[in-house]
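Participant: One structure follows; several queries about it will come next.
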Amino acid sequence: MPNFIRNPQDFWSGFIFLFVGLAAVLIGRDYAMGSAGRMGPAYFPTMLGALLSLIGAMSVARSMFRSGEAIGRIALKNLLLIIGAVILFGILVRGAGLVVAVIFLVMASGFASTKFKALPFLAVAIGLAVFSALVFVVALGLPMPVFGPWFGF
Amino acid sequence: MEILGYLSLGFDTALSLNNLLYCLIGVFLGTAIGVLPGLGPVATIAMLLPATFALPPISSLIMLSGIYYGAQYGGSTTAILVNLPGESSSVVTAIDGYQMARNGNAGKALATAGIGSFFAGTVATLLLALFAPPLAELALKFGPAEYFSLMVLGLVASVVLAHGSLLRAIGMIILGLLLGLVGTDVNSGTPRYTFDLPQLADGINFVVVAMGMFGLGEIIANLDHEETRSLLSMKVGRLMPDKDDLKRIVAPILRGTALGSMLGILPGGGAMLSSFAAYSIEKKISKNSAQFGKGAIEGVAAPESANNAGAQTSFIPMLTLGIPSNPVMALMIGAMIIQGIQPGPAVMTEQPALFWGIIASMWIGNFFLIVLNLPMIGLWVRMIMVPYHYLYPGILVFCAIGVFSLNNSEFDVFLMAGFGLFGYVCSKLKMEAAPMLLGFIIGPMMEEYLRRALLLSRSDPMVFLQRPISATMLILAALAMAVVLLPALRKKREEAFVE
């Protein structure tokens, strides 16, 4: 972190606002602007994007003058494991079915815990898989396969 | 009296066997999930929402209201027993409630919270019945300009009342408004910000946003400080407060109820602000103020009554104007839209059974809470004791299944993962998710009303100031903004949130 940034939270949140705001304005240029009386699809988002960029810029500017808290440690491993586990569920659920997807979701996300132990987690995973299959597919009738086509069902 | 007629219609609807059952299930499930540490009402409702899709509209909304009260009540239980407030409105309950529990008075604290909540709920239900009809009548006279200004006022109020950095809260609202615009523009049919993805053509589902930010984001953030909670040697102790205690809690409950009922109506107010304000007032005027922070029963009674009253009256703007005053109401509006009901003043005149049924069911839900929950405290304690490392994978499973089943689409699951990532970044940067969700729901409505207002005025922006109601609301918004920007008052606001 360069040392002229005295408030990293302000800096990075401002950066995000500025980025999204500018993106909204730039992408919005592809849509018709219209006029105030007959607003096109670009009108309102362009207004908002400009406002958001302004707020982002203010926040970035402020971060150099007023000092504030540092950003805490970022738990990259946990972040990747949890997000990855959810994405894995999305990939597996249709092809491999709910049971496999739930087991992978629980095992992968459980790995993020310092208390992870393979066997008890596997038991929890299987329990949850059976429970969800019974409740969501059998009882509530949600349209998802218990075992998917990848297993020849 | 008209109101009695309305209320009896409501109770007729809510007391049908089916609806009673759904209310009961809602309260039960809400409490069960709400007691789990780290899961507040927003995450609980978002998680359980898909379970209500198959129900008829009225049963679904009755069940959702039940889930809301249950989750809120469950949050208080966790706050008292393990000092872990699941949501911001039980933060202050944890202060004295947990100390009472440590002194062996957990039962009394829980019963006090229950009694206070029930009383406050009863009063707020009556207020709701009293104020909803005239407000809805007024709202029917609103034109697009009034609606737009009302939304501005609502959003400004939620910024003012948010804790943390003002600039970030405003940024989050605008970010939410922008996200709400993703999808096909209704007027022109142009797809906006969809990146040519057909899955985004209908916009982003609010459940995806809520679960990603409030569910996943929170879980990742919680894992940073895993297992710091210490459950007491779980002796709940005597449940009922004795005569002495009752004497001490009557006035705080009354004051809390009054305060909560008023603050709940404010946009952005709701349960959280009510409980903070009630606690600090009680601390100032109580004879036992020295005991506050060390287990004062007043410190549980006042905020718990206030937050329940506030929760209930926050339904008023949602039901009568169709405008959410907090993220929970934003979810309720989303749920209504899914059920094919356009929230707004017309609901009351066109679907009186639905409208009054929801109101009556709130009272019934509160009643269920107190008669069911206190005897079942043993079960809730056992739920709380499930270790977090077994709990969060389960929460993830429910979030993933729920989101997938919205549209039977894995894309939504991936999108939720994205919002989870963003939610974690937000929690690291102290950017609040609540204003974003509010903006997200309001975004499309706000654009629509702005368009219509300016179309009618032939693009003259003065229309917002020429119409008296609209002007009043904008002036109030400007005043509110000015007030928080004044340094002296700003310091006071920070103090209020530090407690």
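Cβ atoms here come from the backbone N, Cα and C positions, even for glycine.
Feature list, courtesy of TrEMBL:
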DOMAIN    B:20-438  domain 'DUF112'
TRANSMEM  B:20-39  transmembrane segment
TRANSMEM  B:45-69  transmembrane segment
TRANSMEM  B:109-132  transmembrane segment
TRANSMEM  B:152-182  transmembrane segment
TRANSMEM  B:203-223  transmembrane segment
TRANSMEM  B:321-341  transmembrane segment
TRANSMEM  B:353-374  transmembrane segment
TRANSMEM  B:386-405  transmembrane segment
TRANSMEM  B:470-489  transmembrane segment
Participant: Could you name the stretch, out of B:45-69, B:203-223, B:321-341, B:386-405, B:470-489, with the greatest number of CB pairs under 8 A to the transmembrane segment (B:20-39)?
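Facilitator: It is B:45-69, which has the most Cβ pairs under 8 Å.
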Participant: I'd like to know if the transmembrane segment (B:203-223) touches the transmembrane segment (B:353-374) in this structure, counting it as a touch only when three or more C-beta pairs sit under 8 Å and are separated by 6 or more positions.
Facilitator: no
Participant: Using a threshold of three or more Cβ pairs below 8 Å, and leaving out pairs closer than 6 in sequence, do the transmembrane segment (B:45-69) and the transmembrane segment (B:152-182) count as in contact?
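Facilitator: Answer no: the transmembrane segment (B:152-182) and the transmembrane segment (B:45-69) share fewer than 3 Cβ pairs below 8 Å.
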Participant: How about the transmembrane segment (B:321-341) and the transmembrane segment (B:109-132): do they have 3 or more C-beta pairs under 8 A, pairs 6 or more apart in sequence?
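Facilitator: Between the transmembrane segment (B:109-132) and the transmembrane segment (B:321-341), which are separate recorded stretches, there is no contact, as judged by 3 or more close Cβ pairs.
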Participant: Please report, as numbers and ranges, the same-chain residues at least 6 past the borders of the transmembrane segment (B:386-405) whose CB is under 8 Å from any CB of it.
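Facilitator: Residues 36-39, 46-51, 205, 207-208, 211, 215-216, 219, 222-223, 226-227, 229, 412-413, 416.
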Participant: Going along the chain, which residues at least six beyond the ends of the transmembrane segment (B:45-69) come within the CB cut-off of under 8 Å?
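Facilitator: 13-14, 18-19, 22-27, 29-30, 33, 39, 121, 207, 210-211, 214-215, 308, 311, 315, 328, 331-332, 335-336, 338-341, 353-354, 357-358, 361-362, 365-366, 368-369, 395, 398-399, 401-402, 405-406.
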